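Participant: The following feature annotations were taken from TrEMBL:
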type: ACT_SITE; residues: C277; note: active site, nucleophile
type: BINDING; residues: D35, R40, 90-94, 131-132, E166, 277-280, R347; note: NAD(+) binding site
type: DOMAIN; residues: 333-449; note: domain 'UDP-glucose/GDP-mannose dehydrogenase C-terminal'
Amino acid sequence: MPAVNKICCSRLYVGGPTCAVIALKCPHLQVTIVDLNKARVDAWNSPDFNLPIYEPGLEDVIREARGRNLFFSTDVDKGIQEADLIFVSVNTPTKKSGVGAGFAADLNYVELATRRIAAVAHSSKIVVEKSTVPCRTAESMRTILEANSRPNCHFDILSNPEFLAEGTAISDLFSPDRVLIGSLQTTEGRAACSALAEVYANWVPKNNILTVGLWSSELSKLAANAMLAQRISSVNALSAICEATGANIDEVAHAVGRDSRIGSKFLRASVGFGGSCFQKDILNLVYLSESLHLPEVANYWRQVVVMNEYQKKRFSKTVVDTLFNTITGKHIAVLGFAFKADTGDTRESAAISLIRDFHSEKALVHIYDPQVEREQIWADLAEANPFTLLDAMKKRVTICSSALEACKNAEAVVIATEWKEFRDIDWEAVYQGMNKPAFVFDGRLLLDADALRKIGFKVTVIGRGEKL
Ligand code: UDX
């Protein structure tokens with residue numbers, strides 16, 4: 001079995017937390033996270049722990065391991081040369097143009113990273129694909145490495161997908177449901193697999209470390225995300241039926257989830273799922289199915305995304321319909337911009353679609369989120385409204401520094417992200433400051449609707465057929 005003493009990891013959201021936890025749990029290993037982006041590396045190294053991502057518990061991990069056996073560097077080549085094992089955890093965004101645009105993963109960064117490893121490595125390495133990739137990407141990586149490497153260098157490719165969710169990354173990493181490692185079923189492949197399994201075995205029970213074939217491992221990541229997202233789209237489809245019939249989606253989800261075969265997780269109706277993975281991975285699966293000439297399978301998975309788009313549109317339409325069919329010139333407070341609570345990440349956030357819809361109805365939108373940076377909000381809104389100049393948008397969109405400020409003089413408050421602090425706002429004070437009738441639209445099943453109604457609010461909750 002190859003000995004692993006030094007690990008190198010190439011950047012990105014999952015790369016940082018994962019390798020930081022490996023360093024924490026394996027003080028005998030040296031872990032270096034490399035990234036060409038100097039600003040990001042500086043942030044990881046910042047003396048006041050001003051880290052580039054917000055993740056509960058991450059700072060404590062960095063405080064303990066950084067400088068001990070965890071290092072952040074821009075010297076990518078040195079990182080590669082020194083490591084026995086390299087995690088390739090680069091971005092695989094959805095392609096914006098060319099074949100498969102809008103569906104397929106852009107593997108350019110994976111290929112560039114692989115070519116770089118082949119070009120600079122002087123010794124044999126285990127290369128671990130950590131980015132979410134379509135099935136059989138490891139095969140391409142192997143071909144590139146073999147065609148370009150020095151004669152005495154041997155590369156073993158493993159797939160080790162990351163199942164952590166943002167906001168709970170550190171606790172997910174501390175006690176993962178499972179660690180999945182895929183390898184070629186050759187003697188060398190199995191030995192490389194055991195070497196990586198040994199690293200995780202420092203804190204993960206052996207029973208939770210699953211070793212499978214390379215292609216199964218790659219497909220399992222897409223499959224897990226597609227099935228999780230499918231549950232949300234299913235419960236969101238039911239939320240529409242609840243609203244039309246007077247049923248209550250919380251009660252329905254609870255009753256359904258008590259069936260142990262179904263289980264209660266990922267059955268929370270919402271304004272729609274967001275995040276960097278679900279939509280991207282499903283579209284990837286759609287593309288893969290189409291490439292394999294399985295159109296029915298492709299359509300089946302596509303419908304999960306179609307349902308999600310419908311849910312977002314349905315919610316913004318409810319707001320317009322309820323506010324007497326027009327929100328032009330009306331003041332709407334949007335509380336939350338991140339794609340879920342406990343993260344500053346906004347990728348594919350439902351809030352972006354809602355605000356785009358409100359903006360096109362010429363409403364005045366006031367946004368507050370406890371974690372998302374102002375520049376990020378403007379960048380996301382600019383991307384979602386390519387035909388509107390930012391200056392023109394700023395005339396009708398305001399970013400506020402508190403929920404109370406955002407709600408002042410508003411006609412309606414929309415809960416777009418389930419931040420706990422929104423539950424604890426002084427809703428009496430919000431009510432006093434709003435125009436009447438004062439509407440609340442809870443897109444996250446977060447608030448106590450009855451308590452708000454007692455104050456005087458007219459409340460609409462996703463998936464509840466009850467009257468305002
Ligand atoms: C997801 C997967 O959970 C994780 O395993 C994978 O590695 C990466 O993608 P993440 O995108 O961080 O993680 O967030 P997740 O907690 O899964 O939530 C995704 C979206 O679904 C969020 O917008 C969330 O608000 C929404 N959601 C989640 C619901 O609307 N209802 C639910 O019941 C659960």
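The backbone N, Cα and C atoms fix where each Cβ goes, and this holds for glycine too.
Values in this document were obtained by computation on a predicted structure and should not be read as measured data.
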Participant: Tell me the Cβ neighbour count for C277 (active site, nucleophile), meaning other Cβ atoms within 10 Å of its Cβ, over all protein chains shown.
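Facilitator: For C277 (active site, nucleophile), the count of other Cβ atoms within 10 Å is 25.
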Participant: Per DSSP, what is the helix/strand/coil residue tally across the domain 'UDP-glucose/GDP-mannose dehydrogenase C-terminal' (333-449)?
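Facilitator: Residue counts for the domain 'UDP-glucose/GDP-mannose dehydrogenase C-terminal' (333-449) by secondary structure: 45 helix, 19 strand, 53 coil.
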Participant: Among the binding-site residues T92, T94, T132, Q279, which residue has its Cβ surrounded by the fewest other Cβ atoms within 10 Å?
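Facilitator: Counting other Cβ atoms within 10 Å of each of the binding-site residues T92, T94, T132, Q279, the minimum falls on T94.
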Participant: Could you say whether, by DSSP, T94 (NAD(+) binding site) belongs to a helix, a strand or a coil region?
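Facilitator: It is in a strand.
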Participant: So which recorded positions out of V90, T94, T132, C277, R347 are up against ligand 1, CB under 6 A?
Facilitator: C277
Participant: Report, as a single number, how many Cβ atoms besides its own are within 10 Å of the Cβ of D35 (NAD(+) binding site).
Facilitator: 22
Participant: Sort out for me which one of V90, R347 has the most neighbouring CB atoms within 10 A, since those are the binding-site residues we care about.
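Facilitator: Selected residue: V90.
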Participant: According to DSSP, which of helix, strand or coil covers D35 (NAD(+) binding site)?
Facilitator: coil
Participant: Do you know offhand how many angstrom separate T92 (NAD(+) binding site) and C277 (active site, nucleophile) by C-alpha?
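Facilitator: About 10 Å separate the Cα atoms of these two residues.
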Participant: Rounded to a whole number, how many Å is the Cα of T94 (NAD(+) binding site) away from the Cα of C277 (active site, nucleophile)?
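Facilitator: With distance taken Cα to Cα, C277 (active site, nucleophile) is 10 Å from T94 (NAD(+) binding site).
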Participant: Where does the mean pLDDT land for the domain 'UDP-glucose/GDP-mannose dehydrogenase C-terminal' (333-449)?
Facilitator: 96
